[in-house]
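Novice: The structure that follows is given in the form of structure tokens.
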Amino acid sequence: MVQAPSVYVCGFVERPDAPPKDACLHLDPLTVKSQLPLKKPLPLTVEHLPDAPVGSVFGLYQSRAGLFSAASITSGDFLSLLDSIYHDCDIAQSQRLPLPREPKVEALHAWLPSLSLASLHPDIPQTTADGGKLSFFDHVSICALGRRRGTTAVYGTDLAWVLKHFSDLEPSIAAQIENDANAAKRESGCPEDHPLPLTKLIAKAIDAGFLRNRVETLRQDRGVANIPAESYLKASDAPDLQKPDKALQSPPPASTDPATMLSGNAGEGATACGGSAAAGQDLISVPRNTFMTLLQTNLDNKPPRQTPLPYAAPLPPFSHQAIATAPSYGPGAGAVAPAGGYFTSPGGYYAGPAGGDPGAFLAMDAHTYHPHPHPPPAYFGLPGLFGPPPPVPPYYGSHLRADYVPAPSRSNKRKRDPEEDEEGGGLFPGEDATLYRKDIAGLSKSVNELQHTLQALRRETLSYGHTGVGYCPQQGPCYTHSGPYGFQPHQSYEVPRYVPHPPPPPTSHQAAQAQPPPPGTQAPEAHCVAESTIPEAGAAGNSGPREDTNPQQPTTEGHHRGKKLVQASASGVAQSKEPTTPKAKSVSAHLKSIFCEELLNKRVA
């Protein structure tokens with residue numbers, strides 16, 4: 001009784017266009033040609049296991065694309081095992097194309113998708129010692145992954161359907177394969193079933209799971225073999241074991257527990273990370289008090305934020321036209337204003353004698369429009385032209401917006417040293433305070449710290465206590481005059497110079513040397529220190545009613561500027577010798593009294 005095979009398996013076992021890396025896998029074309037056609041069928045095994053034959057190879061054929069193999073699977077036990085595997089294997093049941101269901105074929109494509117030819121090693125001679133010859137081809141195995149590229153196996157119950165998947169196979173060879181299959185069907189009897197070594201088959205399946213890049217290599221083999229997509233091959237699909245039902249794809253209900261509830265992107269990020277946040281593996285619980293302590297410590301350790309310096313508005317450009325076209329200045333004289341306009345600030349400004357009334361003060365509305373593009377510069381030497389503009393608040397950036405500017409912190413504030421007696425130990429409760437001793441080094445340190453503190457206080461007093469005296473970067477250029485009624489035709493004046501950086505605050509004696517206002521007029525608030533450029537000879541020949549009686553006033557710009565440089569680079573000792581204003585003297589005297597009391601309390605009674 002002849003039993004037809006249940007499943008056919010065909011494929012290339014060697015491709016010359018994809019040579020293997022190992023030299024022992026190369027097949028000599030002359031040797032292959034001498035061994036064909038086969039004199040008898042070759043065994044078909046699983047994973048090269050000798051005790052696991054499942055069918056026979058009825059032909060090997062040399063084509064232009066490579067060596068082609070055709071075999072049939074006839075083992076009943078193995079076919080029954082394939083049916084059982086199919087019902088429990090998700091990969092075997094997956095299909096990319098709508099093809100008829102074939103449990104055995106689909107299970108074979110998922111488990112054993114490659115062919116492997118076992119041939120004689122090239123270094124071993126075929127001739128034996130007794131004069132016999134060894135068979136060059138030993139057997140063909142169906143396996144998880146072959147070592148030669150392009151050895152993809154195609155399974156099917158119809159031999160013609162299997163052969164049409166190989167587009168590189170010549171039609172003449174395909175016809176010869178069908179003839180040989182029919183001849184083998186007639187000559188073969190009832191196949192003998194051998195018990196399958198299930199333990200070895202499971203071990204080989206486990207080993208196949210650790211093959212590196214197995215799916216990618218199978219896709220490469222399919223491309224080399226030039227097999228179209230309409231087949232049961234699983235190498236074209238990446239494994240996808242997680243295919244939940246539609247009911248499971250709906251989002252879970254939102255949690256109402258405030259301890260585990262996440263909102264917004266936090267919940268989405270936890271889901272995208274594999275639910276680690278929900279599982280609680282990457283999270284730790286910290287008490288609220290501990291968390292607040294850590295947060296406060298982190299904030300305390302941050303460096304202090306640097307307060308930006310006030311933005312100094314650029315000086316308005318100097319215009320010679322305002323001086324050249326100005327009429328003679330005197331009581332009631334007006335000024336010719338350039339084209340344009342500006343708005344004055346509330347409170348008005350000092351404009352000199354207006355309308356013959358000495359000491360007149362012009363009060364302006366907050367929105368009074370004046371034909372000037374910018375507020376006029378303050379010409380202090382010419383009281384009949386313009387007066388000092390209102391103080392300008394510190395600006396940040398380019399927007400006219402006043403902000404609060406905190407005073408710099410006292411970084412060098414003196415700290416008290418721990419009180420220790422001469423033996424180095426502390427005072428216990430009840431001990432007399434007269435036992436307190438302090439060495440000379442400690443006293444020197446306290447004196448140095450107090451000197452630095454006095455210097456810092458003096459600088460702060462000069463910077464913030466006398467803001468109206470000194471250089472003002474927001475105002476216009478300043479001029480000096482020797483007469484009470486302003487500029488004379490034979491006098492010379494100096495074009496103001498722009499200073500890239502504001503000079504240090506002036507000393508108190510410079511502020512005290514400011515010129516008094518002309519008689520009969522109200523003196524405006526000083527905004528800058530005048531620099532005289534008129535020589536003494538010219539001043540003596542002046543026709544002004546008031547003479548300069550202050551011999552200590554600097555007469556040259558270089559002398560005044562040198563004084564500024566000295567002030568900028570003065571040390572603490574030099575500053576202590578300079579005269580100060582009465583307000584600075586009072587502060588210094590108060591600090592000296594505090595220092596004396598501090599020393600008296602620390603000294604030995």
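Glycine residues also receive a Cβ, built from the backbone N, Cα and C atoms like all the rest.
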Novice: Can you identify, from 102-122, 144-164, 585-605, the stretch that Swiss-Prot calls region 'Interaction with major capsid protein'?
Specialist: 585-605
Novice: Around H48 (active site, charge relay system), which residues of its chain at least 6 apart sit with Cβ under 8 Å of its Cβ?
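Specialist: Expected: S116, A118, H139, S141, C143.
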Novice: Return the single residue from the active-site residues list (S116, H139) that has the minimum number of other CB atoms within 10 Å.
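Specialist: Each of the active-site residues S116, H139 was scored; lowest Cβ tally within 10 Å is H139.
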Novice: On the DSSP side of things, how many residues of the region 'Interaction with pAP' (281-300) fall into helix, strand and coil, could you say?
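Specialist: Across the region 'Interaction with pAP' (281-300), DSSP assigns the residues as follows: 13 helix, 0 strand, 7 coil.
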Novice: Take every residue in the motif 'Nuclear localization signal' (410-416), average their pLDDT values, and give the whole-number result.
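Specialist: Result for the motif 'Nuclear localization signal' (410-416): average pLDDT 56.
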